[in-house]
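J.: This is the structure, below, for whatever I ask next.
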Amino acid sequence: MAHHPRWTLSQVTELFNKPLLDLLFDAQQIHRQHFDPQQVQVSTLLSIKTGACPEDCKYCPQSSRYKTGLEAERLMEVEQVLDSARKAKNAGSTRFCMGAAWKNPHERDMPYLEQMVQGVKAMGLEACMTLGTLNESQAQRLANAGLDYYNHNLDTSPEFYGNIITTRSYQERLDTLDKVREAGIKVCSGGIVGLGETVKDRAGLLLQLANLPTPPESVPINMLVKVKGTPLADNEDVDAFDFIRTIAVARIMMPTSYVRLSAGREQMNEQTQAMCFMAGANSIFYGCKLLTTPNPEEDKDLQLFRKLGLNPQQTSVLAGDNEQQQRLEQALMTPDTDDYYNAAAV
C-alpha cells in the first residue's frame, strides 16, 4: 500500500527560505521535544576495505577511476577490525561503523562480515556497516548476525544524481534501503552538501529521505571533502550558513532521527560546529579517519563538548559496559584531571 508523502517540495523549499534564526529556533524546539539537547551520539568509522572501488562517484577518492594516491587494501582480518572496535569503545564511542569500498559485497566475504558484526556486538557496541548494494539474502544474514544499522546514502536529489554517479542508479539505492528495512535493520541514509547542487537539490534529497515509508533512524549530512585527483576537487566551498540551514531543515523534517554531523567537520571551526548542534545535529563521527578523509582529533572534539556542555550519549548495553563511558564523561567535566584536555586517552 502506497503511503501518503509527509512533505511536498514547496513545503521544504519554504523551510530553506526561512530567515536563518527563525529556522534555527524552530529546529531547536523540535529537537528538544524528541532528544536531550545535551546528549550527542559518538560513533567511530573504520574503513575495513579501502580503495579499488569500480564505481565512478565523482567525490570519492576510493574510486579506481581517479588517481588520488590512495593505496588499495584488501578486506581487513576480523581480529584487526575487532581490535579497532575495542580502541573505539575505550575512547568513548558507542557505535562502531565498518565501511568497505565495494559496489556490493561478495558472497565469499559474508562469513567474515558476519563475524565482525558478532564481535562488535559482543563488546556492547552498536554495529553499523556500509558495503554498497545488498540483496535480500545478504541483508538477512547481516540482520541475523546482529547488525543494528546499515548505511547507504542517497547522496543528492534524484534530478542531480546523474551528474555525480553513473554506475549505480538512484533506484538501486532506494531498493537497498527497502531490503535493509525488510530485514529488520535500522536505516542510516543521508547525503552530501557541496557537490555543485542547488538549494532545490538539497530540498529534493531531504524530501526523498523524509518521505520514505519509514524515515531513516540516522541521517548523516556530509560536507564535501575535496580530494585532489577527483573530478570535484575544485568545487566551490559551501557557505557555512548554507550547511547549517541544511542540518536545521533535516531536523525539522525528520524530528525523531539522529542527524549526524559527518564528513567535512575537519574544515569547520568550532563556531560552525556549535551552530550545527544548535540546528539539531546530535551525532558525530569521532576519532578514526572518516574512511579516507581526515576527522578532527578526539581531544579537539572533547574540548568542544566541554565548552558547549555536551555529553557523549550512552547506549543501552549490558551491565558494566558503560564503565569507559563514565570515565570519559568524568574526564570531560573535571578540570583538574590529566584527561581534562585529552579525555580520549582514557
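Glycine is no exception: its Cβ is also placed from the backbone N, Cα and C atoms.
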J.: Which one of Cys97, Cys276 goes with Cys128, Cys188, Arg260 at the [2Fe-2S] cluster site, as Swiss-Prot has it?
T.: Cys97
J.: Find the average pLDDT over the domain 'Radical SAM core' (38-256) in the predicted model and report it.
T.: 86
J.: Given a separation of at least six residues and a C-beta threshold under 8 Å, show me what packs close to Cys188 ([2Fe-2S] cluster binding site) in the same chain.
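T.: Cys188 ([2Fe-2S] cluster binding site) has long-range Cβ partners Cys128, Thr130, Tyr149, Tyr150, Asn151, His152, Pro216, Glu217, Ser218, Val219, Pro220.
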J.: Write down the Cα-Cα distance for Cys97 ([2Fe-2S] cluster binding site) and Cys57 ([4Fe-4S] cluster binding site), rounded and given in Å.
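T.: Roughly 21 Å, rounded to the nearest whole number.
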J.: In sequence order, which residues at least six apart in the same chain have a CB under 8 Å from the CB of Arg260 ([2Fe-2S] cluster binding site)?
T.: Gln41, Ser43, Gly190, Ser218, Val219, Pro220, Ile221, Ala281, Ser283, Ile284, Phe285
J.: Rank the binding-site residues Cys57, Cys97, Cys128 by the number of other Cβ atoms within 10 Å of each Cβ and report the first-ranked residue.
T.: Cys97
J.: What kind of secondary structure is Cys188 ([2Fe-2S] cluster binding site) part of, going by DSSP in three states?
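T.: SS state of Cys188 ([2Fe-2S] cluster binding site) = strand.
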